[in-house]
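Notes follow once the structure below has been shown.
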């Protein structure tokens, strides 16, 4: 260490080069101010008005709609990002910028793109799992970028943890010798991501990677009045981080300003010997006049600076000027490897400023922004297309093996290149879903709230998907012209499936059906109407979560449960919750005489996913999905068929192994996406034709696995997976994911080209789909109604 505790002032001559450059830049910018500063950035259109200093016309405003908070940036009352408004006045002034903006509009764009650019350089250890961010609230784009990146590039992203310490306003608790931390007023990130905000430093854990971004906003382009305060704060954050960093593999990404080399020499000196690798990184996308730079410190040695120096610094924070408290021996700073690398980066920054001032080149910013997106693997708004294929999808799964039920490791999947490609498709799908995180949506709405959707000021995701629902006009006519009951999208989808696969219900005068996860009853109604059109009777039974026990059970919206209480089965006397993730419930159904000789079964399992769990829908549904499958195998008669709903991306080992099993014990297994199913959602229907049966011992093993908490979405429960099945499976699921991505792209396209959406409505495109649906699906007027 070159720091000694003395009272001498430090020689500031080392900053002369920086000060001289700043003086020249100030003189240049005095001719045009803000506009001249912004025009210097080739990537300005990436994040319009991304100011690193305070400006009276720049503001962040929170808007709340549908119980959702939106963080919206404005300059001079012009909406900057995210673009969420119908209001043409807001959009007109930046309309030319919109196509070149990123498709994903971050909550915190201020730092999102800088860190994204850093992450694309692949410095971060790919095995890092636990991350800590320490910094200002407006710099949370750093951790936002990290979460998106890990979802896109790491297969085990669900195991990652993200912790946030909002800097500023920490208060010391003398009783616990810790610091109390403030939470953000509006927790935007927690709406969409699983992230933990600390309230006390006692909650700190051990982390693989720590990001520190605690530099204050400047007062002007080069006016850093809080330099001394920022140095004190960053010393504290740095020392605290070293105590909570994993030894040997731990890393820190630390942002500071080159405005004052002097302040950061103390940090260079303290860090010398603490890490094996040092690298400076200055993102291309930031403004040339912005002095920020990142220092990446990798492979923590475990060495922490001497306690006497550390204690002297910490006990004098904010009390004395650091340069007065310590003497920095500048005669030896030249041998510090961090300082040597810093000089290279600092001189490059200075040279770039001088070159720009001297040349003032004309730049095609749009071209640079597009190149930046291409290089850093981010999509732009202009990359979306208005793909309008609403045709149904039907794929038959091949399997010539007979796997046995056995729990094995799923690691063999991770070594398969085809499976790796499928995981990449899952990552792409999740990214497209993420695009709507910062846009208003009714998924945040508490349904008990009264809300007038007709007067919404913002473009909502629901408005786009609702307008692109080409089958919505079918519902009214099914009710009015055909006396249809409980007409919902679910009704239309099952009716379409029954017509597409007429052989899944046997041709007999009376058919007995059993409907799983059925409330409020649309599948019963659709099957009843379909059977009536064939001149047959339906003897139906249904199950769902018992509303007496489960507040999450669906309401008896249409009154079918109260009208037919004997038709709704919830289990046994000992357990009548209706929870099909319990083998006890399924066994009670299998032994129930009312359910003997079942001809047809449906499963419509689903679960409410919180907005921050939408990319984990398949994982959350894993055991419920298994429950409805086991129930079908336990209750369905041999030779009969079933249909159940599941969700893409179908990459979880448990789902793959279950479908592997099903394809071997049914004559046919078909993936089907009805035309009436919203193309942008993840639901897929599995059609199971002609059940071959399963042995009692195999069924008992499935019961045990269903009840075993160790069997999760990552479990693989068959002993073999043949090439024929796997090749067929990968191809089918890949095609379905591609279709969903195309539909999501279409929705995003119309989000930004809403005028074309109005044109679709004017052109009455709905009539084409209306005619096609009724031509394909025979419907008759229902006289024998369920509610007679």
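Quick reminder: no glycine exception, Cβ is built from N, Cα and C everywhere.
Taken from Swiss-Prot, the feature domain 'Adrift-type SAM-dependent 2'-O-MTase' covers 485-693. Per Swiss-Prot, the feature S-adenosyl-L-methionine binding site maps to 521, 604. Marked as active site, proton acceptor by Swiss-Prot on the basis of sequence analysis: 645.
On the structure: features taken from Swiss-Prot.
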residue : record                               : DSSP (3 states)
521     : S-adenosyl-L-methionine binding site : coil
604     : S-adenosyl-L-methionine binding site : coil
645     : active site, proton acceptor         : strand
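Here residue 604 (S-adenosyl-L-methionine binding site) comes close to 490, 515, 516, 517, 518, 522, 523, 644, 645: these same-chain residues lie at least six apart in sequence, with C-beta atoms under 8 angstroms from its C-beta. Long-range Cβ neighbours of residue 521 (S-adenosyl-L-methionine binding site) (same chain, at least 6 residues apart, Cβ-Cβ under 8 Å): 486, 542, 558, 560, 561. The 10 Å shell around the Cβ of residue 645 (active site, proton acceptor) contains 23 further Cβ atoms across the protein chains shown.
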